[in-house]
Each structure stands twice: as structure tokens, then as C-alpha cells.
Amino acid sequence: MIGFYAIVIVLSNWLQYKMFKTFLNPYALISFVYLFLIIINNYIAVNLYGFYKVEDITILYLLFFLFIVFLIGILFYIFSKKSGTIRLDTREYKLLISNRKRLILVLFYIGLIAKYVSLFQTIRTYGLDNLKGNAYGIFAHIGSFATILLPFVLIIYLQNKWKLYHLFGFILVLTNILIFGGKYVILITMVHIIVFYALINKVPTKKIIKYGFLIVLLSFSVFIVNYVIRPIFEMGYYNNNIIVGNLKFAFKHFFYYLLSPVIAMNDYFVNILDSSQGIPILFTVPINIFKAIFRLGNYIMPIYSETVPISYDLGTNVAGLFSEAVHTGGWVIAIVYVSSFFSFVYYFYLKMLNYSRNISLVSYLLGVVMFLFFCNFITVSGVFLNIIYLTFIEIMLRKKIVI
């Protein structure tokens with residue numbers, strides 16, 4: 001089955017490459033990631049760590065949803081051909097960044113200040129050892145602007161390398177993200193920056209592949225920092241036995257983190273929650289925003305209380321967009337839900353290719369798509385709201401706003 005799956009993925013990606021002239025497209029990112037992870041799991045991790053195999057029927061379910069994504073890409077491509085040929089002229093977007101530099105930097109530094117105010121608030125409330133996932137309040141939301149504007153600031157710095165304080169601000173934001181320790185925030189942010197740079201500078205396919213390996217290396221580095229280096233600072237001393245143990249744990253946990261959602265699809269595709277419990281989870285963020293505005297309380301938590309086994313001694317409660325959508329909404333709603341999201345993604349993706357617009361938004365969306373194997377990030381407020389913020393920022397950049 002894996003051989004059949006690999007052939008389908010390679011051939012379908014060849015067709016999309018012929019259309020978009022790049023592998024930096026939504027279908028390629030999500031399909032190749034799944035192909036890579038399934039091969040790693042079924043041929044390596046199963047023997048190395050005793051993980052369960054991704055079953056053949058699960059691979060067929062996955063192919064069904066990937067076909068939907070593939071079909072959406074083709075339909076949007078055909079539709080876009082009515083308005084012109086595919087092109088991406090990044091000179092216009094670079095000029096836009098230069099012309100709106102002041103607006104970008106004002107929002108960025110306001111966000112930077114807010115991120116550190118939020119950090120001190122969180123330390124005071126939860127303590128230094130409990131920062132992960134506990135950022136809260138208005139400053140945390142304002143701080144998101146600094147995160148999503150990092151690619152712009154990088155381009156501005158590269159255009160004005162003598163202004164080192166922009167580089168310093170860039171590093172401060174990344175440091176803040178690392179301190180909070182949210183792995184998905186770190187990884188999506190890094191992919192956002194790398195993809196944005198690749199698109200802006202029209203990086204060729206070979207270099208894109210190198211960037212892909214760099215992303216894998218960065219992903220592993222996050223685990224080394226969190227589970228090996230960070231404990232050294234927390235303990236205040238170096239202990240070789242503890243470090244070796246932490247290193248072994250980091251390796252296993254890295255594979256667990258990457259592969260457990262893929263294995264969990266075995267259960268999530270076939271076990272569907274009651275609709276009254278599951279469907280609200282799919283729309284967690286808008287429902288919670290509504291409840292917050294009207295102070296209704298009783299917020300939805302998009303976290304599944306029960307875990308499913310991925311080996312004899314390990315379990316997980318995340319399984320990626322496709323199977324989580326089926327698990328919470330059933331097959332019909334899952335198909336509509338997935339189709340709607342990828343229609344949104346491909347709409348802006350084709351706008352970027354045809355009119356050189358929304359490059360940062362598309363880069364962020366591609367970063368999210370790349371990690372949809374892990375969980376349904378549409379239900380995560382930190383991701384959902386960043387997409388909304390970036391959409392408005394892209395609009396603001398094209399408006400005549402004087403600061």
C-alpha cells in the first residue's frame with residue numbers, strides 16, 4: 001500500500017508542479033510530509049521504538065482527503081487562467097514593503113514590547129517553570145503582531161543591514177517565542193520566515209529542498225533546546241548522566257512528536273464523537289470569540305481528553321486535520337470543512353501567483369498547512385487569529401495609511 005501511495009503522491013505532485021512551476025504549493029507540502037512520515041514510521045520507528053504501523057485503510061482515507069486538496073488546487077488553477085497567466089513578480093511586493101516600512105516597524109515594535117509585557121505577566125502569574133501555553137490577555141494578542149511581521153522585518157533589515165537594531169528586535173522576538181516553549185509556534189514561525197524569503201527571492205527548487213532539510217534540522221533543534229539545553233539552565237549546573245538521558249529522551253520524543261498524530265489516524269478516522277460534542281470543537285475560535293465578547297464563559301477547549309495508543313506504552317490525543325475533522329464532525333462535515341479551508345488557502349495562493357499579493361499571508365498559510373499532520377490548527381486561537389491579523393495587515397499595506 002505504501003508503494004501505491006508513494007506513486008500516487010509523486011505523480012500528482014508532478015502534475016501540480018507543471019501547473020504552478022513550484023513545489024511550494026499547499027498540496028505538495030502536506031502530501032510529501034505525510035509520505036515522508038508514513039515511510040519513517042512504518043519502516044523505522046516501528047522497529048526502533050515499537051510504534052504501531054499506519055494501517056492500509058488509514059492510508060486510503062488519507063488519500064481521499066489529499067485527492068480533495070489536489071482537486072481544489074486544479075479547480076482554482078483553471079479558474080485563475082481566466083484572469084491571466086501564472087506569474088509572480090516580487091519586485092512589486094518588495095517595493096510595497098519599502099513604501100510601508102514605517103507602518104510595519106511601528107506595528108512590529110509595539111508587538112515586541114507587548115510580547116515582553118506578556119512574558120512578565122505570565123511569569124508573575126504562573127512562574128518561570130510554567131510558561132508553555134499560558135500567555136494570556138490583551139498583551140499576548142498584541143504581541144502576535146511582532147511574530148507575524150518577522151518576515152517583513154527580515155527583508156527590511158536585509159535592505160538596510162547597517163540598522164542592526166532591526167536584527168536585534170528580530171532576535172528578541174524569536175527569543176521570546178523560545179522562552180514560552182510552544183513548539184508549534186516556533187516551527188510555524190520559522191517555516192513562515194523561510195517560505196516568505198524563498199518566495200520573495202524566487203529561490204529555485206533545489207534550494208527549496210535544502211530549506212526543507214533545514215526545517216527538519218530546526219525542528220529537531222527545538223527539541224534539543226527544550227529537553228537538553230534548557231534543563232541545564234534550569235538546574236544551574238551540568239550533569240553528564242542527566243544530559244545523556246535527556247538526549248535519548250529528546251530523540252525518542254522527537255519521533256513521538258512527529259509520528260504519533262499520523263499513527264493516531266488509525267483510530268480517529270473510525271471513531272466519531274457525538275455531533276453535539278464534536279462539531280463545536282471544529283469552530284472553537286469563532287465560538288469562543290463570541291462568548292468572550294458577550295461574557296458568556298464556558299469556553300470550548302479543543303483538547304481531546306481521551307488518548308489513543310500509538311505503541312504499547314504511549315498514546316496521544318492529536319491526529320492531524322483530516323482525521324480530527326472526521327472524529328469531531330463526521331465524514332460529510334469533515335469534507336465540507338477541509339474543502340472550505342483549502343479553498344481559502346488556494347484562493348490567496350493563486351492571488352499571490354497572479355498578482356504578487358498577500359505573499360506573507362500565503363507563506364504563513366503554507367507553514368500551517370505543512371504542520372496540519374500534527375493537529376487541526378484551525379481550532380488553535382494562536383494560529384486562527386494570526387491568519388486573520390495577517391489578512392488585515394496585507395490589506396493595510398495596500399491602503400494609503402500615513403504614520
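Here the Cβ of each residue, glycine as well, is placed from N, Cα and C on the backbone.
Note that TrEMBL annotation is computational and uncurated.
Pulled from TrEMBL:
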TRANSMEM  27-52  transmembrane segment
TRANSMEM  58-79  transmembrane segment
TRANSMEM  103-123  transmembrane segment
TRANSMEM  135-158  transmembrane segment
TRANSMEM  170-199  transmembrane segment
TRANSMEM  211-233  transmembrane segment
TRANSMEM  254-273  transmembrane segment
TRANSMEM  279-297  transmembrane segment
TRANSMEM  331-349  transmembrane segment
TRANSMEM  361-390  transmembrane segment
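Listed stretches 103-123, 254-273, 279-297, 331-349, 361-390 were compared with the transmembrane segment (27-52); the greatest number of C-beta pairs under 8 angstroms is found for 254-273.
Below 8 angstroms of C-beta separation, residues 94, 97, 101, 104-105, 107-112, 114-115, 117-119, 121-122, 125, 166-167, 169-170, 173-174, 176-177, 180, 185, 189, 192-193, 196-197, 200, 360, 363-364, 382, 385-386, 389-390, 393 of the same chain, each at least six residues beyond the ends of the transmembrane segment (135-158), sit close to that stretch.
Note on the transmembrane segment (331-349): residues 25-26, 65, 68-69, 72-73, 76, 279, 282, 321-322, 325, 358, 361-362, 365-366, 369, 378 of its chain, located 6 or more positions outside it, place their CB under 8 angstroms from a CB of the stretch. The list of residues near the transmembrane segment (361-390) in space but at least 6 beyond its ends in sequence, with Cβ under 8 angstroms from a Cβ of it, reads 24, 26, 29-30, 33-34, 37, 141, 144-145, 147-148, 151, 182, 184-185, 187-189, 191-193, 195-196, 199, 215, 257, 261-262, 281-285, 288, 302, 318-322, 324-325, 341, 345, 348-349, 352.
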